[in-house]
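Some notes on the structure that comes next.
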Amino acid sequence: MASRKETDVSDIEDGDDLEEEPGEVIDSAPPMKVGEERPLGRTGLAKKLLRRGRGWETPELGDEAAVHFVATLTDGTRFDSSRDRDEPLTLKLGQGQLVSGLDHGIITMKEGECALFTVPPELGYGAVGREGVPPNAAVRFEVELISWIRVVDICKDGGIVKKILVKGERNEQPSDLDEVLVKYRVALPDGTIIAEALEEGFEFYVKDGHLCPAFSKAVMTMKKGERVKLLIQPQYAFGDKKFGNSDQLHNVPPNSILDVDLELVSFKPVIDVTGDGKVLKKILKEGEGAFTANEGAAVTISYAARLEDGTVFEKKGLDGEQPLNFVTDEEQVIAGLDRASATMKKGELAMVTINHEYGFGSVEVEQDLAIVPPCSDLIYEVEMLDFIKERAPWEMNNSERIEEAGRKKEEGNLLFKAGKLQRAGKKYDKAADYVGEDGSFGDDEQKLVKALRVACWLNAAACSLKLNNFQEAIRLCSKVLDYEFYNVKALYRRAQAYMETADPVSAELDIRKALDIDPVNREVKMLERSLKQLQAESNRRDAKVYSNMFAWMTKDTSKSIKKLKVEKPEKSKDEEENMAAMDMEKTADSSVPVETRTVVDSTLNTFS
């Protein structure tokens with residue numbers, strides 16, 4: 001190729017000299033200005049910004065970039081140019097298709113940006129050089145980044161490589177519970193199409209998968225509207241199995257690599273409301289704003305409720321029926337509908353699937369339009385028409401907070417007496433929050449506020465004890481004792497929790513403190529007796545364990561002695577005389593009284 005001592009730098013400068021390029025940061029330096037030159041790291045590679053790019057994204061190593069470039073020596077002699085060929089060059093960044101140093105420069109560029117890179121010999125053509133480039137020569141590349149395709153190794157093993165052809169909307173991606181709508185075409189490397197979605201696309205739940213394992217894995221990395229090309233290796237396709245003709249697939253040879261065009265048209269988020277998979281909410285229409293109804297909110301909903309076979313058993317707010325108004329977390333509707341409603345935004349439409357444990361349970365229930373059999377799973381299509389959230393503590397003045405805390409505490413007391421312990425515990429927690437330590441209460445209010453806090457913590461601890469949540473009971477009683485170290489009720493309940501968690505030492509300390517404060521407290525004395533009984537039983541169990549262990553060791557030793565006696569050789573006359581003398585010594589030892597030996601044995605067992 002003929003050499004020319006000219007570049008196209010002046011042709012592409014846009015008159016924005018010395019203006020900053022927004023958003024570009026190199027080694028934590030300030031944004032570059034047009035015309036400014038700056039080293040990139042400590043490798044000798046330098047970049048001069050000629051024209052700002054668009055947006056803020058830059059390519060990464062592994063991506064495919066389309067560029068125009070003009071390559072020259074430092075004296076301006078041109079030795080290569082894509083502009084001369086009038087065709088951009090596609091580079092797989094990181095593979096050093098031109099020179100390795102250039103790839104590290106391109107990943108600092110934005111779409112449409114032009115820059116001049118000075119590449120040192122060690123990052124260029126080195127000691128060998130090339131046609132038009134002497135050995136150990138620095139070179140310059142004037143580069144325009146036209147576009148790039150993001151390339152993602154989804155499984156980090158080369159098994160599923162994704163090229164992003166069209167970027168998606170927003171940042172949300174499907175989860176494994178979500179239902180997705182996709183369009184796709186699957187082909188073999190020779191171009192044979194083996195599967196294709198219908199024009200309207202195909203819906204499936206991510207966790208259930210579709211066609212091959214790669215589909216779910218790829219979809220979970222995509223955004224709504226995103227179009228990609230996938231290269232799928234056999235281990236994520238169909239492996240070494242052969243698939244014949246079917247409604248979905250044509251013939252697929254074993255160990256086939258697949259080329260897939262895939263578009264995520266849309267997806268419906270599915271939320272595990274209860275965390276155990278028994279109340280699932282699929283969002284059919286997004287609601288307004290960012291706020292959802294919460295526990296204690298007054299909500300207005302419409303819905304159609306049906307069984308799994310499609311039998312509609314109830315409607316509210318539809319076909320002339322009035323909407324349903326209720327307060328969440330007050331057991332005014334079935335638990336599944338209650339919990340799901342508390343997660344909805346105004347205007348949201350959702351399909352809620354409810355396991356019978358959160359529905360009507362194992363009983364038969366007669367509803368407006370049909371009978372619900374025992375153990376029926378339910379499906380509600382619900383729209384949140386409106387809600388009024390329960391006022392938060394920070395939205396109230398001090399007197400309102402104290403009043404609301406007292407009301408919540410009394411509600412908790414009624415629930416506790418009715419045996420509804422979990423709901424009672426929630427009421428006590430809410431009451432304590434209203435008079436929390438973050439409140440700026442006046443001196444005349446502090447006494448009442450403190451009493452409310454202590455009462456709520458103690459009552460919540462009582463709920464936790466009955467629910468066998470002993471660590472929570474310990475935590476709540478400890479909060480009380482931080483305020484009132486002499487609180488007998490807190491010491492008593494914490495001692496109960498310590499006993500249940502096999503911590504008799506801590507339990508004994510709390511009981512002693514309680515009796516020091518109130519020596520005649522009957523309940524504490526009864527608890528002390530219970531603790532002593534537990535300790536005595538524990539000592540007896542330990543003694544039995546060690547006794548059995550020593551008995552086993554003695555038995556094993558006896559067997560060993562018998563075995564030695566059977567296997568021992570005939571004794572000589574001298575050995576027989578020595579044994580007789582030892583027998584006489586043993587007889588003398590047996591003159592020790594039996595009672596003394598018994599006492600020694602008993603002491604050993606007690607120690608163990």
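Using the three backbone atoms N, Cα and C, a Cβ is placed for every residue, glycine included.
Cross-referencing 153-180, 517-544 with TrEMBL places the feature coiled coil at 517-544. In the predicted model, the domain 'PPIase FKBP-type' (296-388) shows an average pLDDT of 96. Across the domain 'PPIase FKBP-type' (177-268), DSSP classifies residues as 13 helix, 38 strand, 41 coil.
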